[in-house]
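What follows is a short report on a single structure.
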Amino acid sequence: MNDSEWKTNDSNSVALEKFKRDSAYIDKNGKLRNFNHKKVSRKKSGSLRGRGWKYGSGFVDGIFPVLSPAAQEILDFVEKGVESERIWSSLDMFPATLDLWDDIFTVAVQLRMKKKWDSIISICRWILLRSSYKPDVICYNLLIDAFGQKLQYKEAESTYLQLLETRCIPTEDTYALLIKAYCLSGLLEKAEAVFAETRSYGLPSSAVVYNAYMNGLMKGGNSNKVEEIFQRMKRDACKPTTETYTMLINLYGKAGKAFMALKMFHEMMNQKCKPNICTYTALVNAFAREGLCEKAEEVFEQMQEAGLEPDVYTYNALMESYSRAGYPYGAAEIFSLMQHMGCEPDRASYNILVDAYGRAGLQDDAEAVFEDMKRVGITPTMKSHMVLLSAYSKMGSVNKCEEILNQMCKSGLKLDTYVLNSMLNLYGRLGQFGKMEEVLTVMEKGSYAADISTYNILINRYGQAGFIERMEEFFQLLPSKGLKPDVVTWTSRIGAYSKKKLYLRCLVIFEEMIDAGCYPDGGTAKVLLAACSNEDQKEQVTTVIRTMHKDMKTELPV
């Protein structure tokens with residue numbers, strides 16, 4: 001095995017010489033700098049992240065219920081995926097004791113950790129409809145939560161009304177879960193109505209309710225409203241909790257606003273709110289997404305100085321920061337360190353390392369890690385294959401990509417639109433339009449739903465290659481496919497005419513874009529400027545974009 005290959009038999013034998021080359025880099029100011037990987041603490045790690053159910057269950061974060069033999073028997077039976085009637089019949093056989101009551105809720109907590117919502121619904125309905133037990137608020141809360149997670153808001157609503165009919169007193173957790181259920185289903189007016197109802201009952205402002213509200217908005221795709229609710233929370237003199245700040249750090253991190261995530265972290269510390277491992281991991285992730293590995297490493301060290309042990313999620317986030325910064329051997333060192341510290345890498349760890357090598361154009365190393373993952377008994381998923389496919393796609397290795405595709409099929413993985421879009425893009429980038437059309441035919445005849453990304457690839461690739469008529473054919477097809485052009489669609493179309501310096505045509509399409517309610521981004525501004533043939537045209541484009549920017553929240557770098 002040569003020096004560039006991954007050492008599968010020794011987790012600590014990463015090519016350190018290669019790794020050291022990564023230690024020097026040019027910063028944003030053009031200065032040569034280096035970072036010391038040995039600053040990363042060698043503290044033993046591997047702590048569990050708390051996943052217990054906090055809504056009235058009594059289980060403290062990170063402390064998991066111990067199953068009795070009877071509870072384990074119930075859990076094993078339920079997890080077989082049997083129908084509700086068989087579960088009910090099985091529960092009927094147990095004597096109705098207090099021990100069974102405790103066992104049932106212990107099982108429910110375990111099922112919630114595994115997101116087995118149907119099983120929770122089945123058990124709780126047995127309590128309501130068939131058992132001799134009198135249901136309490138925890139039972140109703142579990143049902144509301146499960147229905148909410150399944151986006152069955154009407155059932156969640158019905159459960160809440162049933163709770164009131166039985167004269168069971170709702171808790172703040174009940175309202176929190178109902179608000180979250182509505183948010184997940186996109187019913188913000190109903191969520192707001194429930195929030196107002198808590199006030200009408202004289203309940204004080206509660207962090208539990210506010211947190212559930214914000215969590216539901218984030219998961220329901222309405223992140224833009226989260227900050228508004230956070231500000232309302234502070235106006236109501238409701239003290240934000242660790243969970244509140246962690247959610248907001250996550251929100252800003254995912255939006256690519258690491259500086260805002262850090263600002264939120266500083267506010268948290270100023271308010272004497274103690275961060276937990278999830279908070280630090282969220283902040284590491286925020287910097288990782290922008291490839292700011294030095295900042296991610298600082299947070300990692302700060303977390304350990306606070307007495308918290310990094311878990312696999314934290315290590316993965318740190319690996320991701322090196323990967324995105326373009327330091328594959330830095331990611332490999334963290335992977336090796338994680339194993340040395342007694343924290344077992346998971347599937348995501350291997351995927352990140354495969355991706356790190358792939359991003360750097362080191363396909364052989366990426367494939368070696370992929371094979372090592374299989375060797376240690378971790379079954380590659382669709383995501384695992386996709387990062388390997390991306391590694392070879394980056395280098396234009398069509399044969400290898402097709403081989404990986406066949407491997408996925410042999411592994412029993414069902415190809416999806418995302419995979420086929422990747423192949424579509426690869427063929428288009430290499431000018432193999434015949435194969436690109438073949439993939440499109442497979443998508444249209446098969447069970448693969450072509451999405452806006454599919455057509456964006458087609459429009460972009462044909463446009464960039466100068467096949468304007470074919471590009472316009474695909475654009476005209478969008479309404480019949482039930483698809484709406486997005487900013488990428490319009491920008492790709494403008495870009496095709498921009499390459500031909502057809503400035504007036506670009507302006508016409510730009511106006512169509514605005515009339516369609518789609519607003520430009522930085523990419524749109526760049527292709528418009530590229531279409532300009534003289535300074536007057538550039539000034540005209542700059543003026544239009546800046547005028548629009550006054551009425552927009554997003555920044556357009558012109």
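For all residues, glycine too, the Cβ spot is worked out from N, Cα and C.
It should be emphasised that the depicted structure is a prediction, and the values quoted were computed from it without experimental measurement.
As written in TrEMBL, here are the features:
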REPEAT    136-170  repeat 'PPR'
REPEAT    171-205  repeat 'PPR'
REPEAT    206-240  repeat 'PPR'
REPEAT    241-275  repeat 'PPR'
REPEAT    276-310  repeat 'PPR'
REPEAT    311-345  repeat 'PPR'
DOMAIN    331-446  domain 'PROP1-like PPR'
REPEAT    346-380  repeat 'PPR'
REPEAT    381-415  repeat 'PPR'
REPEAT    416-450  repeat 'PPR'
REPEAT    451-485  repeat 'PPR'
REPEAT    486-520  repeat 'PPR'
Tally of residues which DSSP labels helix, strand or coil - the repeat 'PPR' (346-380): 26 helix, 0 strand, 9 coil
For the repeat 'PPR' (241-275), the mean pLDDT of the predicted model: 93
Same-chain residue ranges lying at least 6 outside the repeat 'PPR' (171-205) that approach it to Cβ under 8 Å: 55-56, 137, 140-141, 144-145, 147-149, 151, 153, 156-157, 160, 163, 211-213, 215-217, 219-222, 225, 233, 236-238
